[in-house]
């Protein structure tokens, strides 16, 4: 028994439910209640799916029970027709049902068939059902192209990271620099080391994710998170060093300064990853494409712990980005003023000035700010821009260091020393 009209929306559109004969044939001559429950879950904010903002379609959840027994494994599926408004372009509907004793939502056993006036959800069991409306996702071909670009870019970035570290170590040992320049080279070496590990972690992730044991995936997810935090931390330390050189230019001496920077740069992320791992934040992360067929698997922070991602990655980088951009503005202003006075002769050519500024921009991790443009309904062009810029970061930094320190190593060092001494003299005279 059951009403012929199960759910009527405000516009008069009626949803439909079709129960297969298989359900009733198993009941023999028993009389059992057929209960259909329609829930409106507006303003509960229950669903977050795969790092995308999602919402239940029309805030409607439909539950079906036949008798008191659990029914699953049906040969002929249960069909629910959800009528709805016209959906946004490139949006995706994901069928969900309550499965298991824990009552978790999943799409296992359900498929969708879109139609002109609604979407048919077919499931091989009885439970509570809904359709989850996801923001526009990537189509399969674009996702594969972005993955290919990122993979090639990471390989090239790893090679240039090795070149940059070797170059910094070579000129640090080959030439006699003052302590400030030696510390700078040590900072650059550690930054490129963290960038190398980050690209390595991505390549391992893209190659192993989806084919590893859960425990291995958790370890790989934690390692990837650690490498990302190390890179962010070293970009922050680069900004701090520029602050000490160009802003707080008097009375700078810290015993075993570079060793203490290494303790912060490599040690602080260990604490963050340790806490995140203790609460079970790492595991398999799945990104579903628009065609609902191809999925990208990553060993990363799981969807259940997105708050960890927003705090430790988005929030942490946001603070670093604001600080480093303030320092970048101060350094640019001082460099332009010195260029105007003719104090620094090495970079009067406009292309060299632009190159040095672009290299410093990459050194401070500013290219990662494009990640904030990839949320929500971002265009494919923005995703390509983010992928290419960050895959090429190692190349930009390598070129910047070569132009800055070689072949006129002595002249460059003298110019840097002059800037620092000039600031010290100016500050002292003002005091």
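Placement of Cβ uses the backbone N, Cα and C atoms for every residue, glycine included.
Quantities reported herein were computed from a predicted structural model and do not represent experimental measurements.
Positions annotated as domain 'GAIN-B' by TrEMBL: 1-139. The transmembrane segment annotation in TrEMBL covers 145-171, 183-203, 223-246, 258-282, 310-332, 353-375, 381-406. Among the features that TrEMBL reports, domain 'G-protein coupled receptors family 2 profile 2' is placed at 150-405.
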Remote residues contacting the transmembrane segment (183-203) - C-beta distance under 8 A, at least 6 residues beyond either end: 150-151, 154-155, 157-158, 161-162, 164-165, 168-169, 171-172, 177, 220, 223-224, 227-228, 230-231, 233-235, 237-238, 241, 257-258, 261-262, 265-266, 363, 393-394, 397, 401, 405
Same-chain residues at least 6 beyond the ends of the transmembrane segment (258-282) whose Cβ lies under 8 Å from its Cβ atoms: 183, 186-187, 190, 194, 217-219, 221-222, 225-226, 229-230, 233-234, 237, 299-302, 305, 308, 312
Taken over the domain 'G-protein coupled receptors family 2 profile 2' (150-405), the model's mean pLDDT: 83
